[in-house]
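Record features, source Swiss-Prot:
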BINDING   Y116, G182, E197, K198, S215  alpha-D-glucose 1-phosphate binding site
Amino acid sequence: MEVIMNSSIVKLPNKYELVKDTLVLILAGGRGSRLYELTDKRAKPALYFGGNRRIIDFALSNCLNSGLNRIGVVTQYAAHSLLRHLQNGWSFLPAERGEFIDMLPARQQIDDSTWYRGTADAVYQNMAIIRDHYCPKYILILAGDHIYKQDYSQMLLDHIHSGAKCTVGCIEVEREKATEFGVMAVNENLKVKSFVEKPKDPPAMVGKPNTSLASMGIYVFDADYLYDVLEREVSSPYTSHDFGKDILPKALEEGVLYAHPFSRSCMGRNTEGEIYWRDVGTLDSFWQSNIDLVCENPQLDIYDQSWPIRGNPVQTYPSKFFYKKENARPVDNSLISGGCVITDASISYSVLFDRIKINEGSQIDHCVVLPQVTIGKNCKLKRCIIDRHSVIPDGMEIGVDLELDRQRFRVSSGGVVLVTPSMLKKLNGEEVASEAHLD
C-alpha cells in the first residue's frame, strides 16, 4: 500500500509484514500492592482469573490471535509462579520459525542496579538485547495485568497509517475514575494535543463532561524512535523512568504522539456491542470481574472460540457433585473448574477454580475460590475471595459479620473479604513461617 506522507509517496507494509517486523514486550513485573496479601508472593499478572486462567493469559492470547509471535515478557517482582506458568503453558512456539516467548527478568546489566526503576527503565535495561538480538522495526509494549480482548494488528496498522512514531491505546472512562490513568485530548486526526498522568482533576472529553479519554498502558513505537528517546531520557536528572510520566510527554512535545481508540480493535463484544477492558488492580475489581462471568450474557465471553484465551489448565479428574437431599438446587449461576468435589453444599453466583472440596451443609454465595481450597461442614461464605490452599474449618461464617471479619481477615472498601492460609493459621494460633508460594 502506498500513501503520501510529507509530500512523498511512501510504501507501507501489509499486515503480514507488519506483525513479522514487530517485537512485543509485556511488562509483567508489577506487584499489585492494592491487592494486598493476594499478591504478597505472586506477581499480579500471575494471579488466577476466570476459573482456569491467569491474568497474563489475556495479553499473550491477544498476541497470538493477532499474529504476533515474537514476545518478550519482562519480569521482576515475585516472578517464580509466573515463570513456571509460562514454561509449562506457553513453551509451544516453534523457535525454528523465529517464534518465541522469552523471559526478560530483572538483573544487573547497565549499572549496579538490579531492579527496574520504572516501566521505561524496564525496556531501557533490555535495549541492547532488543536492538541487537531481536532487531524489530516496531515495538508493541503491553501491560501484563489487564483483562481484555484486542486485535493488536489493527493498532499497528493505524500506527503506520498515521505517520506516528508513538501510538497510545486509549479508552473512554468515567471522569471520576480517570485519576488512576494517563488522560489525553486528541484532534480530529487522533493526534494527541495534551497528556497528563494521573491528574487530580481529569480533563473531560469535548461534548462529554463526565467522560475522560484514558491511556490503556498499551504503546506502539517505531523502534529507532524508542531507542533514541530512551537514551535521551535516561540522562535527564529529573526522569522517573516511566512511560506515562516521561516518554509520552516527550513524544507529545515532539509532535509524534497519536491515539488509537480501543473501540477500533476490541474483539469479542457481547450482543449489546459493549467493549470490555478491566484493570483488576483492587480486591473489589478483581472480585467483581470474576463474578461478572457467571451472568447469562457477560461483557467478557470466555467461551468465544473465534478469539480464544489460552492458558495452562491443570490436568484433573472431572468435578464430582454428590447430593443426598431431594429437590435441592445445589449449583446456581456459577463456574466450576475441574477436580472439585462438592457434597451436599449450595453454590450460587460463584467462581470455583480447580481441586476444591466443599463439605456438606456449606453455603457459598458470590465467592471467588482459588485452587486447592477445602471448605468444611456447615460453613457460610458470602462475597469472599479465598486464596489458594486455604482450609476453612467447620461452621465458620465469613462475609456475614464484616466487623468481625475485619478483626480476622481483610475487608475491602466494597465489603469483599479476602481470606488467606496465613490469616487462618494466625486465627488458630499457629505460627506462620515464611514460605515459597509455588502456584
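Every residue gets a Cβ built from N, Cα and C, even glycine.
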Exercise. If you count the C-beta atoms lying within 10 Å of each candidate's C-beta, which of the binding-site residues E197, S215 ends up with the smallest number?
Worked result: E197
Exercise. If you draw a 10 Å sphere on the Cβ of K198 (alpha-D-glucose 1-phosphate binding site), how many other Cβ atoms land inside?
Worked result: 15
For this session: With alpha-D-glucose 1-phosphate as the bound species and Y116, G182, E197, K198, S215 as its recorded binding residues, calculate the greatest Cα-Cα distance and give it in Å as a whole number.
Result: 22
